[in-house]
Structure formats: structure tokens, C-alpha cells
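Participant: Residues or ranges marked as region 'S-100-like' by Swiss-Prot: 1-91. Feature annotation from Swiss-Prot assigns domain 'EF-hand 1' to 23-48; the stated evidence is a curator's inference. Residues or ranges marked as Ca(2+) 1 binding site in Swiss-Prot (evidence: a curator's inference): 32. Residues or ranges marked as domain 'EF-hand 2' in Swiss-Prot: 49-84. Sequence annotations record features per position, and here Swiss-Prot assigns Ca(2+) 2 binding site to 62, 64, 66, 73. Taken from Swiss-Prot, the feature region 'Disordered' covers 148-172, 218-237, 362-471, 486-587, 1014-1033, 1062-1082, 1313-1407. According to Swiss-Prot, the compositional bias 'Basic and acidic residues' annotation covers 362-381, 396-424, 447-471, 554-587, 1313-1376.
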């Protein structure tokens, strides 16, 4: 490789080594330039560490003024330094020797080649000296060879450039990848502080090794390419040389051929030497490259560590510098504003002083003057001066107005920048939180997804970093532009002040000259008049005519002289006016140019903002796409879970089908026995009829009891508060009595059945026992079915509650989303608060004051937080009471179900223990039943656990929400406390107070209307809930639009404040605003709205207190009615349960028979665990018996029955053991026959069941007739049902009350937002009106200025006419005047045109 290419590659590598790689490409920042100058040019520069050196170099190199140094600008630095170095070396004495010594080692081969070429051409010249044709041929040959060599050289250079470019691109790509990977590694290391650090380090080491291997392979490939290229070049050179030799051999004589052969041999030797040297150089290069690679790796490692440290330090320094710069800028802007104000005040004071001096001078001039003409002159001059001061004061006013406008524009730009930065940071934090959430969601997913997410996060972070850099760059440029504008404005102001001073001096000088000139002219006129009078007195009449002619000539001359002087003065005045106008035009042109530039800058910024918005929109769309994918994945997971649920349910259904089959088999077996025992069925029907008769009697008793309870309830309504507990006790006693009667009747039935069974034979006893067991099993199945239906009802209710909870969860999620945004804002504020605290650590006094303020704020916050916590605690207590009430009801229902289940289990177990030794099949069936019940209990336990977990989860989420609300409320109170100090001063303004009063009155009226419409709102609430989501979306859009509108409104308000409020109060407010603007500029709008909301909430709470006092009685009445309705509902439920039991028994007997057959299969599975569960059940029964005091009598009766049953068992056991073998044999035969007679028995059973159903339907119709006869009772039931429905509606209302309160809060929030929007629209209208008024005012001022100019022109024209007319009148008057002193006594004072002109001017300016 040539030294030139090597030096170029070294320059490129050095640049890439120190450059920062962004989206704009590789550029040198100020810090990078500092490091480069320190390390690479430390020996050349005098002071490389000095920041001024870096600033000077940056200003010299940064041609495009973007604060960054590109590669072309870096090359400019290299060329300048090289030029300076060569110039310094050329000045030295030993430059040639150094060059020779330096070139001897490198260019030895080239010198030998040149010497050989010279020898060869000298021989050729000697041979062809006398032959001109040979010379010409030689020249042509040389030119051709040179051209071919040039082409080959160009090819080689192009080839080398191509490969060097490829190599450079690869190196840059690798460096970029390294940088990106380093950044990604840093970020990942930061994120992974505590998790999988060792695995991450190992992965990173593997990745680095892979990268190093890739680099090494790339270098090897590059080296192989270079070798191939060199071989190819050598082959090309050899081929070309062979072709050249062949041509020369053909054309040259033998002697020359010999010479050429010798030369070629010499060249071949040289080439061999060159090849050997190249190989040696290549080996050295390879060794050097390996050493350099090792060094580079070490350096890179060290540099990586250094860069990591430096980056951390840089980030901290940048933050501190940014904060300090912002503080400095703010202080500088503040100082500049104060200086501008002071200058304006000084200018105004100087103008006042000048005016006072001018007035004093004029007064002195007036006092000095004695003649009337001087007074008239002074009056004219004073009026002209007033007009001129008006004319010249206008530019000054315009200048002040332009300064204010510039200041306002600057403040607007600063606010816009701050808001944009806040919005950008907010979006950035939102994106970071979203990425964090995605990472948390996908933490359990495959590593490929993690890599994709990491890559996306890396790209997003790089993009954010680039955007921050661009925004910083733009901010620096804007600040530079603003500083330049301010400097230009200062220069223009100084220039204008100088011009005004010079103009005032010229005006004063002219005024003095004019004051002196009239006195001289009048003295000269007086002398002439005296001479003329003397001549007229003593001259002859002929001479008088001559004298008159001479006087006329003199008058004409004087008039011409005055006119000439007047024209000269007018010409000077015009020139000055034109000069002034030209300056004004130039200034206006410059201002227009500046405005155009500003507009161009604004347009460019707007375009950039639009581009940023588009990019953000694209990012948002990408984010939405990612979220959509995540939602799809979650949906897939839900579908999988649903499929699993369906699979589980399918298995359960299959198990139930198996149980049904078993029960069906059992039923078939029983049906075969039932056909043999038709008589027993008849007896059973009689027993069933008796039971129905008993049930009818019980219903009649219950109806009587209900009537009594209704009467008691009516009595209770009158004395509800005093007798609530008594009524509950009476109801409990009544229920206990009713239950006791039912149990006694059941016991009597059982005793009658047992007596009847004892009377009959043992075979009939066994059959009856089996039938009784069958009936009991049917009853158990019916009860289980009822229990299953109740469970389904509970599950349905639970699903409805879950659906409600899901809706609430969605609302909570939306609330969490809003709260998350608020938390993000609060996090922003917290970070700013931390930065502010770090700043305040340096300022001890401010910290102490702020600590005091914080303590006061904290006390206020604690007080408010305490009140809010009390309110929230009350709400929580209400919610908790509602939950407890609901849970209590569920627990009561569950307890009732458990008691029923336990009683059923006890009865079943008792009977199973009696027949334990008699029937093994019955034991197996019982075991299967217990197994199924165990599974059901386990499922119920699982359901209960799930419900408990859901409740705990809900409670935990509610606690978290409440905690978040508390934190948010505390933070909001802090913000409110901070904003309160600012708002106290703003509320002092009368206009805002009046508007707020009007707005409050209007809001108060609207809230009264809202309170009246609340009942109507309750009916529309369901429809409103459906539209709530759509409204939220629209609200989000409107919030974005409102943000822009509010930003615009805020700008207009600030402009209006700046225009209207010029007093010290506003300056103090602006100073305070500036202190708080860094932290609360974006929140000010929200806090204002929150203040209005708090004010409205306070009034609303006061109104609500009044309304609550009115509604307390209504609520108490509702509470009484609710309790009555609850009692009636319980009674109605009991009635309904009895009715449902009766109806369900008639409808579902067939289904229960099938399920009894299915249950037989389950019983076979339960046989294995019978004994263990029996022991557990016995223990539970003992505990339950100990607990249940009210069932003591029942247990005693059961013990008696058990003793009797035990005696019966002993008697039975003796005979059953004998019959057991027979039964087993029969069962085996029956099992064989069962498969054969399955369908026949099933058909017979169906027929019998149909007959039974008909009988039941007939009896059911009879009972319906009885029910129709009791229409009054039904009406009362309907009345109770209506009351219970109202009660249910009230319960629903109470359950929805919490939701309504939330919706009411949301509605209030929306109403407040609507109120804020209306207020903003009113403010906009007011501001538009003000703008319209200002525009009209400006139009009036413009018209007034035009009118003034027109009047000035007319006045000038009128003055000319007056002067001409006055001149003519003077001439005529002088001709008419007679000689004598009487001429001066009749001076025209009242009738002069000058006096008329003065009077006209006075009338114009008179108020």
C-alpha cells in the first residue's frame, strides 16, 4: 500500500475512533474534539487542555454552525496543521538533508530504477542521435508507455480506493456495531442489576469473542483480497511487460534487443528484490497488525471502561451543565430584561429631562424676547417642536413596542420549547414504562422474543438519544440566534439613540440660529424704515416716487432673500425628513427581514415538529401494533385456558355420564325388583299422598304464620327502631319452632314407617328397607339436584358479580391508566424535584426557607390527607359493610347448605352403618356416593378458595388503589399548596374575581339543575355506561386538542398579562412564576382546574350536606323498608324454595332417576376411601353434635332409634348372614340377566314413571286449584313480592351506589372539564375581542397617523399659502401706511394670518 493511502486510512481511523456515531453519521462533538486534540495533537499545540483552545478550534472548524465537526471539517484541520508543519520545516536550515535522509531508506528502489532508465535512454539517445525518425518513434513510444503506465496506475488506484472504501465501510460498520452493542450492554447491565448477572456477563463475553473472531476473519479476508489483488496486479504487469518486450523485440534491432534483455534481467532482479521486500514488509505488516490488534483490543477494553466512566460522568456533568445553563440563561434573560427596562426608564427619564430643558430654554427665550414677532416665532417653533416631538416620539414608541414584542416572542418560544421538552419526556417515559410492562409480560416467554424486544428497546433508546441531541442542538442554535438578535437590537437601539441625539442637537442649533436671525432681520428692517421715513420727510415729491420705487425694489429683494432662505430651510427640513424616513424605512425593512427570518425559522420548526409528530404517531402505531400482538397473545392464552376449562368440564361431564350409566344400571336392577313389588309402590303412593297432605298442612300453617308475621311486621313498622332485635329473635324462634315441628313430623313418619316395617315379615321389611333407602336416595338426589341448582344459581350470581367486577376492573384499569399518566407526570415532577434539591444543596439559605415552607405544606397536606383519609375510610367502611353484608348472606346460604348436607350425610351414614353387614353392594354404593360428594366438596372448596382468592385479590387491589389514591392525593395537595401561593395573587385581580363569581353562580345553578335531574340520570345511567368508553376515547382526543388549545390560550393569556400589567406587582409575579415555571408550568392548567373543582366541590359538598340532611330521613325510611323487605324476602325465598322443591320434584324425578344410576358408578370409586371418611365424618359428627345445642333432643332421639336399630341389626344380622350367600348368588344371576333385560326394564320403568307423572300432575292441578282459592294470599304475596323487588332494586341501587359515586365523580370531572372548556372558550372569545379591539385600535392609530401626515402636508401647504398671502398683505399694507410713528402702533395682532393659524392649531389640540 502506498504511503498516501496509508496516511488517508490512518486519518479515517483516527476520526472514527474519536467520533460519535449518531443518526447523522460520524461527527466530533466538543468533548470528542477536546480528547482528540489532547491525545493526537498534544505535542503540536501549545495549550491542548485549555477550553479556549477547544472553543477556538470548534469555531474555526464548524463551518455549518451546527456545533459538530464532520469528516470534511476534520480534514480541514489536518490540512491546516500539515501546512503549518511543512511551512515550519521549510523555514529550518536542514530541511533538504532531512528529506534526503528520510527518502534514502524508502526510495532506494525507485532511485535505482530511475538510474537504470536514465542509462537505457542515454544508450538509446546515443544510438539514435543522427536519426530524427528514430527520435520521433522513441518519443511516441515513451508517450505510449507513459500513457499505459498512467492507465495502469489509475486502475490500481481505483482498485485500491475501492478496497480501501470497502475496508473503511466495514470498519465503520464494525465500530458502529461495537458502539451500539456497548450501549445496549450498558443499558442491559443497568437493567439487570440483580438478576442473572453472571449469565449475562458470560453471554456478553461470548458475544465479544464472536465479534473478535468476525473481525479477525474479516481482516484475514481483507488480507487475502489484498494478496490476490497484488498477485493480479503483478500478473497484469508481467503480461504488459511481456507484450511490451515482444513489441520492442519486433521493432528494435538486435543490439537494442540485447540491451533490453539486460535491462529486463536487471528489472527482473529488481522485481525479485521488490517482491522479497514486499513479502518482508507484508510479514512485518502482519506482525504489526497483530500487535496493533492486540493493542487495539487492550486499548478498546480500557477505552470501553474509560468511556463507560466518562459517559456516566458526562451524563452527570451534562445534567448539571444543563441545569446550570438553564439557570444562567434564565438569570441572563432576567438581567437583560431588567437592563432593557432600566434602559427604557433611563431613556424616558432622559426624554423628560430633555423636554424639561427644552421647555426651560423656551421659557427663557420667551422671557428674553420683547417684541410680538418673537413671541409669534416662539409659538410657531413650540408648535413645530411639538409636532416634531410627536413625529419623533412615535419611532421611539414603536421601538419600545417592538422590544416588548421581541421579549414576548422570546418568552413564548421558551415556553413552547419547555412544553415540547416536557411532552417529549412524557412520551419517552411512557414508552419506557410500556417497554418495561412488555418486558414483564414477556419475561416468561422465549428468548427470541426477549432479543427482539431488546433490539426494539435499543433502537428506541438510540432514537430517543438522537432526538435529544437534535433538540439540544436546536436549542443551542435558537439561543445563539436569540443572542444575535438581541445584540443586533441593542446595536440598532444605540444607533437610533445616537441619531436621535444628533437630530436633537441639530434641531437645537437650528432653533438658536432662527432665534438670532429674526432679531437681526427686524433690526435691519427698523433701520431701513427709519432711513425711509427720514427720506420721505425731507425729500421732494419726485424723489419720493424714486424712493418708493427703490423701496419696492429693496422690499422685493428682501422678499426674495427671505423666500430663498425659507426655501433653503424647507429644503434642509425635507432632506432631514427624507433622511429620517429613509432610516425609518431601512429599520422597518430590517425588522421585516428579521420577522421573515423568524417566520422561516418558525415554519422550519413547525415542519420539524410536524415531522416529530408524524414520527411519534408512527411510534404510537408501532406501539399499538405491539400491544395488539400482545393482546392477541393474551387472547390466545385465554383461549387456551378456556379450552382447558372446557376440557375439564368435558371430563366432568364424561364422569357424570359414567355415573349416570352406573345409576341407570342400578335403576334397572331396582326396577326389576320394583316390578315384583307393585303392592309396595301403592303403599308408597299412599305414603306420598300422606306426605303431600302433611306438606299442605305445613303450607297452611306457614301461611298462617306468614299472616301473623305480616301483622307483626305492620306492628314492627310502627315501632321499628325499638323492636328490631325482638323481631329478629321472634323470627328465629319461629323458624326454630317450624324446623322443630318439621323434624318431629319427620321423626313420627320414620317411627310409623319403622313400626310398619316391624309388623311385616322380614322379606317385606328388607324390601321396604330397600324401598325406603331408594326413596331416601331419590330424595338425596333431589336435594343434591336442588343443591346443584342452587350452586348453579350461586355460580350465575358469582359470574354476574365477576362480570360486574370485570367491568369495575376495566374502569379501574382505565383509572389506573389515568393514574399511571398522573404518576408519570408525578415521576417527572419528582425527578425535577430531586434535581432542584441537588441544586438547593448548594444554596443553604434557600434550602432552609424551602424546608420551612415544606414543613408548613406538609402540615397542611397531613391535615388535608387526614380529612381525605377519613372520607375515604368512611367510603371504605360503607363498601366493606356492603361486602360484609353480601358475604354474610353468602356464608349464611353456604352454612345452610352445609348444615343440610351434614344432616343428609348423618342420616345417610346412620343408615349405611345399620346396613353395613347386611348389604355389601349398598356399602359400595354409599362409598361411591361419598367419593362423589368428596369430589363435589373438593370442587366446592376449590371454588370457595378461588372466591376467597378473588376476594383477597380484589381487596388487595382496592387497598393498592386506595393507597395510590392517597399518594396521588397527597402529591396533588402538595402541588395545590405550591400553586395556591401563585393563585392568591392572581385572584386579587377584579376581572378574574368577577368572572369566577359569575362562573360559580352559573355552576351553582347548573349543579342545582343536576341535582334535580339526578333521578332522571339514574334511569339513563345504564345507557351512559355503554357510551362511557366511547366518551373516554373522545375525551382523550379532546384532551389532546385541549392541550393544544390550552397552550394557545396560555400564550394569549400571558401576552395579555404582559401587555396589560406593567406594574411592580406583575414583575414580582413573573419572578415567582419563573421560579415555579420549571416544575409546574405544565401542571398549572390542571391545578387551576383542580382549584376550581375544589371550590365547586366545596360548594357541592355544602349543598350535599344540606341534601344529605334532607335525604337522611328518606334513607332511614328506606333502611326500615329495606330491613322489612329483607325479612319478607327471606320468607318469600323460603316459600319459593318450597314451591320450587315441589315443582322440581315433579319435573325432575326422571332426571334424578338417571342421575341415581350414574351415581352408582361414582359409588364404586368411593368404596376405597369409605372407612377413612367414615372416621372423619364420625369425628365431625361428634364435634357438630357438641356444637349444636339446639339439636340435643334430636340426638337423644336418634340414640334411642339407634339402640332400637342396633337390636334390629343384631336380629337382622343373624338372618342376613344366612341370606347373604343366597343374595350373592341371586345377584350374580341378576347381573347376567341384567344385560339381557336392560331395555325391557327401561321401557317398563318409563311407563311407570309416566303413570306416576300423570298422578303427580293431577295432584298438582288440585293443589293449583287450592292455590287459586287463596287469591287473597296470592295478592298479599304479590304485594310482598313487589316490596321485595323494590328491596332488590334498593339493594341493586346500594350496590350501584358506589359505581354511581364513581360515575358521578367522573361526570363531575367531565362537567368540570366542560366548564374549563367553556371558560377557555369564553377566555378565547374575550381574547379575540381584545385582539379585535387592539386591531381596531391599531387601525385607528394608523388612520390617525395617516390623518396627521395628511394634516401636516396640508399645514405645510397652508403655511406656504399663508406666508405668500402674508407677504402680499405686508406689501399692500406698507403701501397703504402713512409715514409716522403711527405705523408701529397699528401692528396686526388680532387680524393677522399668523394669529389665525395659531388659533386653528390650538383648536385642533384643545380637548
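Including glycine, each Cβ sits where the backbone N, Cα and C put it.
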Participant: Quick one: Cα separation, residue 64 (Ca(2+) 2 binding site) versus the residue listed as 'Ca(2+) 1 binding site', in Å?
Facilitator: 18
Participant: Taking the Cβ of residue 62 (Ca(2+) 2 binding site) as reference, which residues of that chain separated by at least 6 in sequence fall under 8 Å from it?
Facilitator: 68, 69, 73
Participant: Give the sequence-ordered set of same-chain residues, not counting 62, 64, 66, 73, with Cβ within 8 Å of the centre of the Cβ atoms defining the Ca(2+) 2 site.
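Facilitator: Here the nearby residues are 61, 63, 65, 67, 68, 69, 70.
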Participant: Any idea what the Cα distance is from residue 32 (Ca(2+) 1 binding site) over to residue 66 (Ca(2+) 2 binding site), rounded to a whole Å?
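Facilitator: Approximately 15 Å lies between the Cα of residue 32 (Ca(2+) 1 binding site) and that of residue 66 (Ca(2+) 2 binding site).
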Participant: Relative to the Cβ position of residue 66 (Ca(2+) 2 binding site), how many further Cβ atoms are located within 10 Å?
Facilitator: 14
Participant: Quick one: of 32, 64, 73, which of the binding-site residues has the smallest count of other CB atoms within 10 A?
Facilitator: 64
Participant: According to DSSP, does residue 66 (Ca(2+) 2 binding site) fall in a helix, a strand, or coil?
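Facilitator: Once the DSSP labels are grouped into three classes, residue 66 (Ca(2+) 2 binding site) ends up as coil.
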Participant: Averaged over the domain 'EF-hand 1' (23-48), what pLDDT does the predicted model reach?
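Facilitator: The average pLDDT of the model in the domain 'EF-hand 1' (23-48) works out to 73.
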Participant: Let's see if you can do this one: DSSP helix, strand and coil counts over the compositional bias 'Basic and acidic residues' (1313-1376), in that order.
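Facilitator: Breakdown, helix to coil: 64 helix, 0 strand, 0 coil.
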